[in-house]
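Undergrad: Take a look at what Swiss-Prot says about it:
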type: BINDING; residues: 127, 128, 129, 130, 131, 132, 133, 134; note: ATP binding site
type: CROSSLNK; residues: 58; note: ubiquitin cross-link
type: CROSSLNK; residues: 64; note: ubiquitin cross-link
type: DOMAIN; residues: 48-77; note: domain 'HhH'
type: MOD_RES; residues: 13; note: phosphothreonine
type: MOD_RES; residues: 14; note: phosphoserine
type: MOD_RES; residues: 54; note: phosphotyrosine
type: MOD_RES; residues: 309; note: phosphothreonine
type: REGION; residues: 184-257; note: region 'Interaction with PALB2'
type: MOTIF; residues: 245-260; note: motif 'Nuclear export signal'
């Protein structure tokens, strides 16, 4: 009898575990969707039920072999499996309180961010060269693997590098600082080099497939905008560039929603050279315009301080006050500035 109760309890927990996190696309087959249609969805880059539920109907109709009637049926079934309706602010507040935050390696910076880099949203870091953007990314790629009680995310990291600045030896130095095995840390980081804007977007489809297979806590794109500056030039291509960038950022946001990963992107700055620049306190502004400004949940502005110190300012956030914190770039990653 006790054995039977134990088995029932185990069955309950497995059902509960299934209801949390993304559901594999194969679940749609149990809802009466043709296996061939599910395969077509998977080939088009939809690996979870959530991905289908969040997609506009137009996107499904564009898939070869999916008619409007089929798209309607697929979306109806996906909506039954994914809660997408209204909820009370109390429930949402409860969910928000359970959000994991990943430590940056600096206590001052964590205090500024009220715990660290938030999972399930996009954090954008922008600043000139040599302000610590890539160094924070390298440190986060290690700290996201720490246990939750040590400020980690207990998951793997994914690193899309568009500028060729990824250095595994930096990860080893940070791993040593936290007492982690260097080889394990490197095994838990999936790295890809992005060569052009289309390839950069294609990598997100691969990322989605990998996130279904394994638990990832962090997705880094360093830098999200570098390739857009070279692939699209002049004002004539501006609208095409912004549309492509908007699509890329939308996919990032969808990955953050679907898998609850922390998405960290770095952005470059441009100097204002118009007449108004003379009166601006700081004539540098992030590139990507309003599209990237609206897509990022939290925007951090990094600038140089004295020596090895850097200053991080909350540039835009829905819940953090506009404030600054000082941090340092040390041999073992990002840390606190010494007075």
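If you go along the chain as it appears here, the first residue is 1 and each next one adds 1.
Cβ atoms are placed via backbone N, Cα and C, with glycine included.
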Undergrad: For the region 'Interaction with PALB2' (184-257), give the DSSP counts of helix residues, strand residues and coil residues.
TA: 50 helix, 12 strand, 12 coil
Undergrad: Cβ within 8 Å of the ATP site's Cβ centroid: which residues qualify beyond 127, 128, 129, 130, 131, 132, 133, 134?
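TA: Apart from the listed residues, the neighbours are 302, 304, 310.
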Undergrad: Can you tell me which recorded positions out of 54, 64, 127, 131, 132 are within 10 A of residue 309 (phosphothreonine) by Cα, answering none if there aren't any?
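TA: For residue 309 (phosphothreonine), the recorded positions whose Cα atoms are within 10 Å come to 131, 132.
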Undergrad: Would you mind checking how many other C-beta atoms are within 10 angstroms of the C-beta on residue 58 (ubiquitin cross-link)?
TA: 9
Undergrad: Give the nonlocal contacts of the domain 'HhH' (48-77) in its own chain as ranges (CB under 8 Å, at least six residues past its ends).
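TA: Counting only partners 6 or more residues beyond its ends, the domain 'HhH' (48-77) has Cβ contacts under 8 Å with 22-25, 27-28, 31-33, 36-37, 40-41, 84, 208, 212, 254, 257-258.
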Undergrad: Rounded to the nearest angstrom, how far is the Cα of the residue listed as 'phosphotyrosine' from the Cα of residue 131 (ATP binding site)?
TA: 36
Undergrad: Taking helix as H, G and I and strand as E and B in DSSP, count the residues of the domain 'HhH' (48-77) in helix, strand and coil.
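TA: Tallied per class, the domain 'HhH' (48-77) gives 21 helix, 1 strand, 8 coil.
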Undergrad: Using a 10 angstroms cut-off on Cβ to Cβ distances, just flag whichever of 134, 309 is the loneliest among these recorded positions.
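TA: Counting other Cβ atoms within 10 Å of each of the recorded positions 134, 309 gives the minimum at 309.
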Undergrad: Would you mind checking how many other C-beta atoms are within 10 angstroms of the C-beta on residue 128 (ATP binding site)?
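TA: Taking all protein chains shown, residue 128 (ATP binding site) has 13 Cβ neighbours within 10 Å.
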Undergrad: Given a separation of at least six residues and a C-beta threshold under 8 Å, show me what packs close to residue 64 (ubiquitin cross-link) in the same chain.
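TA: Long-range Cβ contacts: 40.
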Undergrad: Round to the nearest Å and give the CA-to-CA distance linking residue 132 (ATP binding site) with residue 54 (phosphotyrosine).
TA: 35
